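The region 'Disordered' annotation in TrEMBL covers 1-49. Look at TrEMBL and you will find 27-37 tagged as compositional bias 'Polar residues'. The domain 'Major facilitator superfamily (MFS) profile' annotation in TrEMBL covers 58-441. Feature annotation from TrEMBL assigns transmembrane segment to 59-80, 100-122, 129-148, 154-174, 186-206, 218-241, 262-283, 295-313, 325-346, 352-375, 387-408, 420-441.
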Amino acid sequence: MSDSEKQSQVAQLGAEFNVEPRRIRDSTATYPSSNPLESIDGHTDESSSSDISEGGVKAYLTIFGAFLALFCTFGQMNAFGTFQAWYTTHQLSTFDASTISWIGSLQLWVFFFSGGPIGYLFDRYGPRMLMLVGTICYVLSIMMTSISTQYYQYILSQGVLFGLGVGLLFYPSLSSISTHFVTYRATATGLAVAGSGLGGVVFPIMLQTLFERVGFGWATRISGLLCGLLCGVAVLIVTTSDSTGKAPTHFAGLKCLKEPQYMLLAAGGSLVALGCFVPYFYVVNYAQSLGISSHMSFVVLALMNAGGVFGRVAPAILSDSIGRFNLLAPTSFVAGLSILVCWMFAHTLPTLIVFSILYGFFSGAFISVITPCVAQISDIREIGMRIGLMYSIISFPALIGGPIAGFILGFNHGSYNGMIIFAGTSMVAGSLLIFGVKFLINPHLLARV
């Protein structure tokens with residue numbers, strides 16, 4: 001038998017037992033895309049991902065800085081249900097739930113849609129200036145919200161400006177983490193994203209307590225001053241790795257729009273995002289419709305975000321061992337299933353608490369693991385652009401998810417069943433498309449992807 005025949009037989013045996021040749025790297029690595037050597041992801045490599053120095057003081061400070069930024073920004077965004085419930089009985093009591101939810105949906109859309117251009121600027125200029133501008137926009141938006149009285153003012157301050165500030169802090173901080181880690185990228189990202197879950201626990205309780213004690217205006221201003229201080233620290237300590245390499249000088253990252261893996265992930269992520277935020281927006285109103293007290297209704301939302309703290313960390317750590325797509329798809333599926341099964345039949349406070357914790361955990365996994373999944377199929381030099389573009393794509397379903405749920409709620413004369421079915425089926429359908437991405441990368445069922 002010739003040497004070439006032996007090599008062919010070894011390769012065939014390796015494929016049969018899901019063992020890859022040494023020169024083709026792990027399917028959970030990140031692959032730049034311009035070397036003759038092609039990875040199993042379909043990407044090629046110009047400089048090995050091993051060039052990135054794993055960990056170090058700057059890397060760990062970046063995780064902490066991103067944690068602080070997400071605690072303030074995405075954490076408070078997760079607490080929008082607190083504002084919606086307050087607006088319903090106070091400043092915007094003449095508007096229906098669907099109209100009020102446009103504020104939260106708009107901030108989500110601006111946040112998501114801004115990802116593409118912010119990611120491109122990050123690849124060119126790094127995180128610091130973007131995060132500084134983001135901190136200014138974010139704090140200014142909160143201060144303007146505190147003095148708003150008209151619907152259009154809330155749309156501009158808490159919708160548009162708030163969403164832009166969140167985007168300018170969120171994308172550079174998470175993308176910076178991806179430049180410091182390869183092997184433990186999902187773990188590092190999960191630790192940072194846990195800040196958003198913790199913020200989602202703290203802010204609903206803190207805001208509701210302050211609303212009652214010092215009034216809406218000062219409660220909002222106090223949260224803005226606190227967040228301004230923490231985001232200022234994040235601006236100082238979030239950095240990128242020195243070994244990232246030179247960013248492309250044009251919109252090279254747009255070539256991902258022709259990649260089946262990327263676009264199928266975008267389609268799946270869009271369907272998940274369509275239903276993902278509905279429970280966060282409406283669980284407080286749902287609890288109050290059951291006769292649960294206002295205070296306990298906000299506790300239910302806080303518990304949902306508490307489940308998200310663990311959901312952002314534990315699955316992310318596990319995904320570095322079993323594969324990121326292997327974890328993203330099933331957790332998204334279970335999150336949708338929990339809406340259809342648990343929320344549909346949660347008619348008492350204990351059952352609603354069980355749903356909130358379970359849903360918070362599994363939806364948190366989607367929020368934390370989707371970014372490492374995008375990084376896994378991306379050129380490290382284009383990582384900001386490709387992550388941001390993914391969020392830009394899913395911004396549109398995130399925008400309309402809340403208002404559609406509110407419309408269904410009104411159409412059914414206050415019955416939540418239709419809204420629950422809409423949110424749950426959207427997430428389940430999206431998870432099935434994400435399963436498809438996994439099989440595009442590696443068709444073996446038990447492959448680590």
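The backbone N, Cα and C atoms fix where each Cβ goes, and this holds for glycine too.
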Under 8 angstroms, Cβ to Cβ: which one of 218-241, 295-313, 420-441 has the largest number of such pairs with the transmembrane segment (154-174)?
218-241
Between 59-80, 186-206, 218-241, 387-408, 420-441, who has the most Cβ pairs under 8 Å to the transmembrane segment (352-375)?
186-206
Select the range from 100-122, 186-206, 218-241, 295-313, 387-408 that forms the most Cβ-Cβ pairs under 8 Å with the transmembrane segment (262-283).
387-408
Report yes or no: does the transmembrane segment (295-313) come within contact of the transmembrane segment (59-80), defined as 3 or more CB pairs under 8 Å with a sequence separation of 6 or more?
yes
